[in-house]
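Q: According to TrEMBL, the feature ATP binding site maps to LYS17, SER176, ASP177. What TrEMBL records for SER57, ASP144, ASN156 is substrate binding site. Taken from TrEMBL, the feature domain 'PUA' applies to 283-365.
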Amino acid sequence: MSAERKSLKSHRRIVIKIGSALLVDRKTGLKTSWLDAICADIAALKADGIEVLVVSSGAIAMGRTVLDLPSGALKLEESQAAAAVGQIALARAWSESLSRDDIVAGQILLTLGDTEERRRYLNARATINQLLKIGAVPIINENDTVATSEIRYGDNDRLAARVATMTGADLLVLLSDIDGLYTAPPHLDPDAKFLDIIPAITPEIEAMAGGAASELSRGGMRTKIDAGKIATGAGCAMIIASGKTDHPLRAIEQGTRSSWFSPSGTPVTARKTWIAGQLLPAGQLFLDEGAEKALGSGKSLLPAGVRRIEGNFHRGDTVAIIGADGHEIARGLVSYDAEEARQITGRKSSEIEAILGYAGRAAMVHRDDLVMTGAVRRGAKKEDRKEDAAHA
Ligand code: GLU
(Lines of atoms letter the chains of each structure in order from A and count residues from 1; the text may use other names and numbers.)
(Lines give C-alpha, C1' and ligand atoms only; values in the text may rest on other atoms or scores of the structure.)
Protein backbone atom coordinates (compact mmCIF):
# COMPACT_ATOMS: atom_id res chain seq x y z
CA MET A 1 0.00 0.00 0.00
CA SER A 2 1.44 3.34 -1.02
CA ALA A 3 2.04 6.21 1.34
CA GLU A 4 -0.74 8.21 -0.33
CA ARG A 5 -3.37 5.70 0.67
CA LYS A 6 -4.37 6.61 4.19
CA SER A 7 -6.95 5.41 6.64
CA LEU A 8 -10.33 7.12 6.27
CA LYS A 9 -10.03 7.75 9.98
CA SER A 10 -6.99 9.96 9.51
CA HIS A 11 -9.34 12.55 7.94
CA ARG A 12 -11.28 15.24 9.67
CA ARG A 13 -14.23 15.93 7.40
CA ILE A 14 -15.36 13.54 4.65
CA VAL A 15 -17.87 14.07 1.83
CA ILE A 16 -19.34 10.84 0.49
CA LYS A 17 -21.05 10.92 -2.89
CA ILE A 18 -23.42 8.08 -3.62
CA GLY A 19 -24.55 7.26 -7.14
CA SER A 20 -28.20 6.54 -7.95
CA ALA A 21 -27.65 2.95 -9.05
CA LEU A 22 -26.26 2.04 -5.62
CA LEU A 23 -29.36 3.21 -3.79
CA VAL A 24 -32.17 2.47 -6.18
CA ASP A 25 -33.02 -0.67 -8.08
CA ARG A 26 -35.03 -0.09 -11.22
CA LYS A 27 -37.56 -2.79 -10.32
CA THR A 28 -37.59 -3.10 -6.57
CA GLY A 29 -36.91 0.53 -5.60
CA LEU A 30 -34.82 1.59 -2.63
CA LYS A 31 -32.07 -0.80 -1.57
CA THR A 32 -32.80 -0.61 2.12
CA SER A 33 -30.23 -3.08 3.39
CA TRP A 34 -27.45 -1.38 1.41
CA LEU A 35 -28.52 1.97 2.87
CA ASP A 36 -28.58 0.55 6.40
CA ALA A 37 -25.08 -0.84 5.89
CA ILE A 38 -23.55 2.43 4.70
CA CYS A 39 -25.29 4.28 7.54
CA ALA A 40 -23.55 1.87 9.93
CA ASP A 41 -20.23 2.75 8.22
CA ILE A 42 -21.00 6.44 8.62
CA ALA A 43 -21.87 5.91 12.29
CA ALA A 44 -18.52 4.18 12.80
CA LEU A 45 -16.67 7.18 11.32
CA LYS A 46 -18.68 9.61 13.41
CA ALA A 47 -17.96 7.59 16.54
CA ASP A 48 -14.30 8.35 15.84
CA GLY A 49 -15.01 12.07 15.70
CA ILE A 50 -15.01 12.41 11.91
CA GLU A 51 -17.56 14.74 10.36
CA VAL A 52 -19.47 13.21 7.47
CA LEU A 53 -21.50 14.83 4.70
CA VAL A 54 -23.45 12.81 2.15
CA VAL A 55 -24.18 13.91 -1.40
CA SER A 56 -26.90 11.47 -2.38
CA SER A 57 -28.17 10.96 -5.90
CA GLY A 58 -31.25 8.92 -6.50
CA ALA A 59 -34.14 11.39 -6.43
CA ILE A 60 -34.95 10.97 -10.10
CA ALA A 61 -34.38 7.21 -10.00
CA MET A 62 -36.65 6.88 -6.93
CA GLY A 63 -39.29 9.05 -8.55
CA ARG A 64 -39.20 6.94 -11.70
CA THR A 65 -39.80 3.84 -9.62
CA VAL A 66 -42.58 5.36 -7.52
CA LEU A 67 -44.30 6.75 -10.62
CA ASP A 68 -43.57 3.59 -12.60
CA LEU A 69 -42.21 5.58 -15.55
CA PRO A 70 -40.96 3.61 -18.57
CA SER A 71 -37.19 3.29 -19.01
CA GLY A 72 -35.39 5.59 -21.43
CA ALA A 73 -34.56 9.29 -21.44
CA LEU A 74 -36.91 11.66 -19.62
CA LYS A 75 -37.80 15.17 -20.74
CA LEU A 76 -36.59 17.91 -18.39
CA GLU A 77 -40.02 18.50 -16.86
CA GLU A 78 -40.52 14.75 -16.43
CA SER A 79 -37.23 14.36 -14.55
CA GLN A 80 -38.08 17.42 -12.44
CA ALA A 81 -41.41 15.88 -11.48
CA ALA A 82 -39.72 12.53 -10.82
CA ALA A 83 -37.16 14.30 -8.60
CA ALA A 84 -39.95 16.07 -6.69
CA VAL A 85 -41.57 12.73 -5.92
CA GLY A 86 -38.33 10.84 -5.36
CA GLN A 87 -36.53 13.36 -3.16
CA ILE A 88 -39.13 13.04 -0.39
CA ALA A 89 -38.72 9.27 -0.30
CA LEU A 90 -34.94 9.55 -0.52
CA ALA A 91 -34.58 12.04 2.32
CA ARG A 92 -36.93 10.05 4.50
CA ALA A 93 -34.97 6.85 3.86
CA TRP A 94 -31.70 8.53 4.88
CA SER A 95 -33.27 10.06 7.93
CA GLU A 96 -34.78 6.75 9.08
CA SER A 97 -31.70 4.71 8.41
CA LEU A 98 -29.32 7.12 10.18
CA SER A 99 -31.68 7.36 13.15
CA ARG A 100 -31.05 3.65 13.83
CA ASP A 101 -27.61 4.83 14.96
CA ASP A 102 -29.05 7.88 16.72
CA ILE A 103 -27.80 10.21 14.01
CA VAL A 104 -29.87 13.16 12.84
CA ALA A 105 -30.01 13.95 9.12
CA GLY A 106 -30.55 17.40 7.58
CA GLN A 107 -31.60 17.86 3.97
CA ILE A 108 -29.85 20.45 1.80
CA LEU A 109 -30.94 20.98 -1.81
CA LEU A 110 -28.59 23.14 -3.84
CA THR A 111 -28.81 24.76 -7.24
CA LEU A 112 -25.87 25.81 -9.36
CA GLY A 113 -26.58 29.44 -8.46
CA ASP A 114 -26.18 28.60 -4.77
CA THR A 115 -22.55 27.74 -5.37
CA GLU A 116 -21.77 30.23 -8.15
CA GLU A 117 -22.96 33.37 -6.38
CA ARG A 118 -20.67 34.33 -3.56
CA ARG A 119 -23.34 35.41 -1.07
CA ARG A 120 -25.54 32.36 -1.59
CA TYR A 121 -22.43 30.19 -1.44
CA LEU A 122 -21.53 31.64 1.95
CA ASN A 123 -25.12 31.14 3.16
CA ALA A 124 -25.18 27.50 2.10
CA ARG A 125 -21.79 26.98 3.71
CA ALA A 126 -22.97 28.50 6.99
CA THR A 127 -26.02 26.22 7.13
CA ILE A 128 -23.98 23.11 6.36
CA ASN A 129 -21.40 24.07 8.97
CA GLN A 130 -24.14 24.57 11.54
CA LEU A 131 -25.54 21.10 10.81
CA LEU A 132 -22.07 19.62 11.33
CA LYS A 133 -21.65 21.58 14.52
CA ILE A 134 -24.77 20.03 16.03
CA GLY A 135 -23.58 16.58 14.99
CA ALA A 136 -26.05 16.06 12.14
CA VAL A 137 -25.23 14.51 8.79
CA PRO A 138 -26.13 16.83 5.89
CA ILE A 139 -27.82 14.88 3.09
CA ILE A 140 -27.24 16.97 -0.01
CA ASN A 141 -28.59 16.78 -3.55
CA GLU A 142 -29.07 19.14 -6.45
CA ASN A 143 -32.47 20.81 -6.37
CA ASP A 144 -33.49 19.09 -9.59
CA THR A 145 -37.07 20.33 -9.36
CA VAL A 146 -36.10 23.89 -10.27
CA ALA A 147 -32.88 23.40 -12.23
CA THR A 148 -33.15 24.33 -15.91
CA SER A 149 -31.14 22.48 -18.53
CA GLU A 150 -28.60 25.27 -18.93
CA ILE A 151 -28.28 26.21 -15.28
CA ARG A 152 -27.64 23.01 -13.43
CA TYR A 153 -24.88 20.69 -12.35
CA GLY A 154 -26.70 17.69 -13.78
CA ASP A 155 -24.22 15.37 -12.08
CA ASN A 156 -23.53 14.96 -8.41
CA ASP A 157 -19.80 14.27 -8.87
CA ARG A 158 -18.97 17.93 -9.45
CA LEU A 159 -21.61 19.05 -6.96
CA ALA A 160 -19.97 16.85 -4.33
CA ALA A 161 -16.54 18.29 -5.15
CA ARG A 162 -17.93 21.78 -4.81
CA VAL A 163 -19.49 20.86 -1.45
CA ALA A 164 -16.15 19.39 -0.34
CA THR A 165 -14.22 22.56 -1.19
CA MET A 166 -16.98 24.80 0.17
CA THR A 167 -16.83 23.09 3.55
CA GLY A 168 -13.07 22.61 3.69
CA ALA A 169 -13.40 18.81 3.71
CA ASP A 170 -10.11 16.91 3.46
CA LEU A 171 -11.51 13.86 1.68
CA LEU A 172 -14.12 13.25 -1.03
CA VAL A 173 -15.24 9.67 -1.66
CA LEU A 174 -17.10 9.00 -4.92
CA LEU A 175 -19.02 5.73 -4.67
CA SER A 176 -20.52 4.40 -7.86
CA ASP A 177 -20.61 1.21 -9.91
CA ILE A 178 -16.99 1.58 -11.06
CA ASP A 179 -14.10 0.76 -8.75
CA GLY A 180 -11.73 3.45 -9.98
CA LEU A 181 -9.82 4.94 -12.87
CA TYR A 182 -8.43 2.81 -15.70
CA THR A 183 -6.01 3.85 -18.43
CA ALA A 184 -8.91 3.27 -20.87
CA PRO A 185 -12.60 2.34 -20.46
CA PRO A 186 -12.28 -1.29 -19.22
CA HIS A 187 -15.44 -2.51 -20.97
CA LEU A 188 -14.01 -1.41 -24.32
CA ASP A 189 -10.30 -2.11 -23.93
CA PRO A 190 -9.10 -5.45 -22.50
CA ASP A 191 -5.61 -3.95 -21.96
CA ALA A 192 -6.94 -1.18 -19.71
CA LYS A 193 -4.88 -0.95 -16.54
CA PHE A 194 -6.18 0.06 -13.14
CA LEU A 195 -4.60 3.09 -11.46
CA ASP A 196 -4.58 2.98 -7.69
CA ILE A 197 -2.67 6.19 -6.97
CA ILE A 198 -3.01 9.37 -9.01
CA PRO A 199 -0.53 11.96 -7.68
CA ALA A 200 -1.79 14.73 -10.00
CA ILE A 201 -4.50 15.15 -12.63
CA THR A 202 -2.33 15.65 -15.68
CA PRO A 203 -3.61 16.02 -19.27
CA GLU A 204 -2.80 12.28 -19.69
CA ILE A 205 -5.06 11.40 -16.76
CA GLU A 206 -7.80 13.61 -18.20
CA ALA A 207 -7.50 11.81 -21.52
CA MET A 208 -8.21 8.48 -19.80
CA ALA A 209 -11.72 9.53 -18.74
CA GLY A 210 -14.21 8.00 -21.16
CA GLY A 211 -17.80 9.23 -21.58
CA ALA A 212 -19.89 6.40 -20.07
CA ALA A 213 -23.10 6.94 -18.17
CA SER A 214 -25.87 4.50 -17.31
CA GLU A 215 -29.59 5.18 -17.38
CA LEU A 216 -29.67 5.74 -13.64
CA SER A 217 -26.62 7.95 -13.31
CA ARG A 218 -25.51 10.89 -15.35
CA GLY A 219 -21.91 11.09 -14.21
CA GLY A 220 -19.34 9.03 -16.09
CA MET A 221 -15.58 9.09 -15.55
CA ARG A 222 -15.43 12.55 -17.16
CA THR A 223 -17.38 14.22 -14.37
CA LYS A 224 -15.37 12.26 -11.78
CA ILE A 225 -12.12 13.63 -13.14
CA ASP A 226 -13.63 17.13 -13.25
CA ALA A 227 -14.63 16.61 -9.62
CA GLY A 228 -11.06 15.52 -8.88
CA LYS A 229 -9.70 18.73 -10.36
CA ILE A 230 -11.98 20.87 -8.22
CA ALA A 231 -11.29 18.87 -5.05
CA THR A 232 -7.55 18.23 -5.31
CA GLY A 233 -6.88 21.81 -6.42
CA ALA A 234 -8.39 22.94 -3.13
CA GLY A 235 -6.29 20.53 -1.06
CA CYS A 236 -8.93 17.81 -0.71
CA ALA A 237 -7.99 14.20 -1.50
CA MET A 238 -10.40 12.10 -3.56
CA ILE A 239 -11.19 8.40 -3.77
CA ILE A 240 -13.15 6.66 -6.52
CA ALA A 241 -14.41 3.32 -5.23
CA SER A 242 -17.11 0.82 -5.97
CA GLY A 243 -20.16 0.97 -3.78
CA LYS A 244 -21.57 -2.26 -5.13
CA THR A 245 -20.93 -4.27 -1.99
CA ASP A 246 -22.54 -3.63 1.38
CA HIS A 247 -20.38 -1.56 3.75
CA PRO A 248 -18.35 0.14 1.00
CA LEU A 249 -16.59 2.50 3.43
CA ARG A 250 -15.51 -0.36 5.63
CA ALA A 251 -14.27 -2.11 2.48
CA ILE A 252 -12.12 0.92 1.58
CA GLU A 253 -10.75 0.93 5.11
CA GLN A 254 -9.87 -2.74 4.69
CA GLY A 255 -7.92 -2.02 1.51
CA THR A 256 -10.35 -2.84 -1.27
CA ARG A 257 -9.28 -1.77 -4.76
CA SER A 258 -9.92 1.94 -5.35
CA SER A 259 -8.27 4.96 -7.00
CA TRP A 260 -6.74 7.61 -4.74
CA PHE A 261 -6.14 11.15 -5.97
CA SER A 262 -3.64 13.12 -3.95
CA PRO A 263 -4.46 16.68 -2.95
CA SER A 264 -2.27 19.40 -4.42
CA GLY A 265 0.50 20.52 -2.08
CA THR A 266 -0.60 23.86 -0.71
CA PRO A 267 -4.29 24.67 -0.95
CA VAL A 268 -5.25 28.17 -2.01
CA THR A 269 -7.38 30.40 0.21
CA ALA A 270 -11.09 29.68 0.62
CA ARG A 271 -12.00 32.70 -1.49
CA LYS A 272 -9.74 31.67 -4.33
CA THR A 273 -11.10 28.13 -4.11
CA TRP A 274 -14.55 29.57 -4.76
CA ILE A 275 -13.27 31.59 -7.71
CA ALA A 276 -11.43 28.64 -9.27
CA GLY A 277 -14.27 26.17 -8.80
CA GLN A 278 -17.01 28.09 -10.60
CA LEU A 279 -18.55 26.21 -13.47
CA LEU A 280 -19.83 29.10 -15.54
CA PRO A 281 -17.40 32.02 -15.82
CA ALA A 282 -19.27 35.03 -17.20
CA GLY A 283 -16.67 35.90 -19.82
CA GLN A 284 -13.19 35.31 -21.17
CA LEU A 285 -10.13 37.55 -21.34
CA PHE A 286 -7.54 36.57 -23.97
CA LEU A 287 -3.99 37.55 -23.08
CA ASP A 288 -0.81 38.24 -24.97
CA GLU A 289 2.36 36.39 -24.02
CA GLY A 290 3.76 39.20 -21.89
CA ALA A 291 0.65 39.31 -19.72
CA GLU A 292 0.66 35.53 -19.40
CA LYS A 293 4.22 35.62 -18.11
CA ALA A 294 3.36 38.45 -15.71
CA LEU A 295 0.49 36.40 -14.29
CA GLY A 296 2.82 33.45 -13.97
CA SER A 297 5.11 35.48 -11.76
CA GLY A 298 2.29 36.58 -9.47
CA LYS A 299 1.42 39.97 -11.01
CA SER A 300 -2.01 41.48 -11.60
CA LEU A 301 -3.58 41.48 -15.06
CA LEU A 302 -3.37 44.95 -16.61
CA PRO A 303 -5.58 46.09 -19.51
CA ALA A 304 -2.46 46.49 -21.68
CA GLY A 305 -1.92 42.72 -21.75
CA VAL A 306 -5.46 41.84 -22.82
CA ARG A 307 -5.92 41.28 -26.56
CA ARG A 308 -9.59 40.43 -26.75
CA ILE A 309 -12.65 40.02 -24.54
CA GLU A 310 -15.65 37.73 -24.87
CA GLY A 311 -18.87 37.65 -22.90
CA ASN A 312 -21.18 40.06 -21.20
CA PHE A 313 -20.08 40.36 -17.60
CA HIS A 314 -20.36 42.83 -14.77
CA ARG A 315 -17.70 44.15 -12.43
CA GLY A 316 -17.02 41.51 -9.78
CA ASP A 317 -18.05 38.57 -11.98
CA THR A 318 -15.69 35.65 -12.45
CA VAL A 319 -13.97 35.50 -15.83
CA ALA A 320 -11.75 32.85 -17.37
CA ILE A 321 -8.31 34.07 -18.38
CA ILE A 322 -6.98 32.48 -21.54
CA GLY A 323 -3.26 32.26 -22.33
CA ALA A 324 -1.60 33.03 -25.66
CA ASP A 325 -1.97 29.39 -26.78
CA GLY A 326 -5.75 29.36 -26.20
CA HIS A 327 -5.84 27.40 -22.92
CA GLU A 328 -7.35 28.66 -19.70
CA ILE A 329 -4.58 29.61 -17.30
CA ALA A 330 -6.44 31.45 -14.56
CA ARG A 331 -9.76 32.67 -13.19
CA GLY A 332 -10.41 35.95 -11.53
CA LEU A 333 -12.90 38.58 -10.47
CA VAL A 334 -12.92 41.29 -13.11
CA SER A 335 -12.70 44.97 -12.09
CA TYR A 336 -14.80 46.35 -14.96
CA ASP A 337 -18.10 45.73 -16.75
CA ALA A 338 -17.57 44.08 -20.15
CA GLU A 339 -18.25 47.23 -22.14
CA GLU A 340 -15.71 49.28 -20.18
CA ALA A 341 -13.24 46.44 -20.24
CA ARG A 342 -13.47 46.38 -24.04
CA GLN A 343 -12.77 50.11 -24.23
CA ILE A 344 -9.56 49.84 -22.22
CA THR A 345 -8.34 46.57 -23.75
CA GLY A 346 -4.73 46.88 -24.88
CA ARG A 347 -4.40 50.36 -23.32
CA LYS A 348 -2.08 51.58 -20.60
CA SER A 349 -3.50 51.89 -17.10
CA SER A 350 -2.57 55.59 -17.12
CA GLU A 351 -5.04 56.08 -20.01
CA ILE A 352 -8.05 54.61 -18.17
CA GLU A 353 -9.27 57.89 -16.72
CA ALA A 354 -9.19 59.67 -20.09
CA ILE A 355 -11.03 56.79 -21.80
CA LEU A 356 -13.71 56.03 -19.20
CA GLY A 357 -14.04 59.44 -17.60
CA TYR A 358 -13.15 58.20 -14.13
CA ALA A 359 -10.07 56.76 -12.48
CA GLY A 360 -10.84 53.02 -12.27
CA ARG A 361 -8.58 50.30 -10.93
CA ALA A 362 -5.23 49.96 -12.67
CA ALA A 363 -5.68 46.20 -12.96
CA MET A 364 -8.38 44.50 -15.01
CA VAL A 365 -8.04 41.58 -12.58
CA HIS A 366 -6.12 42.25 -9.37
CA ARG A 367 -3.79 39.49 -8.22
CA ASP A 368 -5.71 39.15 -4.92
CA ASP A 369 -8.77 38.25 -7.00
CA LEU A 370 -6.92 35.90 -9.31
CA VAL A 371 -6.14 32.20 -9.10
CA MET A 372 -4.08 30.14 -11.52
CA THR A 373 -6.13 27.18 -12.79
CA GLY A 374 -4.48 25.77 -15.85
CA ALA A 375 -1.40 24.71 -17.75
CA VAL A 376 0.84 27.42 -16.43
CA ARG A 377 4.34 28.16 -17.59
CA ARG A 378 7.49 28.92 -15.66
CA GLY A 379 6.25 27.59 -12.30
CA ALA A 380 3.49 30.15 -12.13
CA LYS A 381 1.30 27.94 -9.95
CA LYS A 382 3.96 27.90 -7.28
CA GLU A 383 4.20 31.66 -7.37
CA ASP A 384 0.44 31.96 -7.09
CA ARG A 385 0.40 29.81 -3.99
CA LYS A 386 3.16 31.86 -2.40
CA GLU A 387 1.01 34.88 -3.09
CA ASP A 388 -1.88 33.12 -1.45
CA ALA A 389 0.08 32.29 1.62
CA ALA A 390 1.01 35.94 1.85
CA HIS A 391 -2.61 37.07 1.50
CA ALA A 392 -4.26 34.32 3.56
N1 GLU B 1 -29.49 14.78 -8.76
C2 GLU B 1 -29.81 13.56 -9.44
C3 GLU B 1 -30.77 12.74 -8.63
O4 GLU B 1 -30.80 12.82 -7.44
C5 GLU B 1 -28.60 12.69 -9.73
C6 GLU B 1 -27.48 13.27 -10.53
C7 GLU B 1 -26.39 12.21 -10.76
O8 GLU B 1 -26.73 11.08 -11.11
O9 GLU B 1 -25.21 12.52 -10.60
O10 GLU B 1 -31.51 11.95 -9.15
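Backbone N, Cα and C define each Cβ position, glycine as well.
Just so you know, TrEMBL annotations never went through curation; they're auto-generated.
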Q: Within 10 angstroms of the C-beta of LYS17 (ATP binding site), what count of other C-beta atoms is obtained when all protein chains are considered?
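A: The answer is 30.
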Q: When DSSP states are folded down to helix, strand and coil, where does ASN156 (substrate binding site) land?
A: helix
Q: Summarise the domain 'PUA' (283-365) as counts of helix, strand and coil residues per DSSP.
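A: Going through the domain 'PUA' (283-365) residue by residue, I get 26 helix, 24 strand, 33 coil.
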Q: As a test of the contact definition, list every same-chain residue at least 6 positions from ASP144 (substrate binding site) whose Cβ is closer than 8 Å to its Cβ.
A: ALA59, ILE60, SER79, GLN80, ALA83, GLN87, ARG152
Q: Which one is it: of the binding-site residues SER57, ASN156, SER176, which Cβ has the fewest other Cβ atoms within 10 Å in this structure?
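A: Checked SER57, ASN156, SER176; of these binding-site residues, fewest Cβ neighbours within 10 Å: SER176.
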Q: Quick check for the class: what is the C-alpha distance, in angstrom and rounded, between ASN156 (substrate binding site) and LYS17 (ATP binding site)?
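A: So the Cα of LYS17 (ATP binding site) lies 7 Å away from that of ASN156 (substrate binding site).
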Q: Tell me whether SER176 (ATP binding site) sits in a helix, a strand or coil according to DSSP.
A: strand
Q: Using C-alpha atoms only, work out the spacing between SER57 (substrate binding site) and SER176 (ATP binding site) and round it to an integer in Å.
A: 10
Q: Listed binding-site residues are LYS17, ASP144, ASN156, SER176, ASP177; which sit with C-beta under 6 angstroms of ligand 1?
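A: Checking each Cβ against ligand 1, the ones under 6 Å are ASP144, ASN156.
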Q: Among SER57, ASP144, ASN156, which the record lists as binding substrate, how far apart in Å are the two most distant Cα atoms?
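A: If we measure all Cα pairs in SER57, ASP144, ASN156, the largest is 11 Å.
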Q: Would you give the longest CA-CA distance, in whole angstrom, between residues of LYS17, SER176, ASP177, the set recorded as binding ATP?
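A: Value for the max Cα separation, rounded to a whole number: 12 Å.
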Q: Please state whether DSSP places LYS17 (ATP binding site) in a helix, a strand or coil.
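A: In the DSSP reduction, LYS17 (ATP binding site) maps to strand.
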Q: Return the average pLDDT for the domain 'PUA' (283-365) as a whole number.
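A: Per the prediction, mean pLDDT sits at 93 for the domain 'PUA' (283-365).
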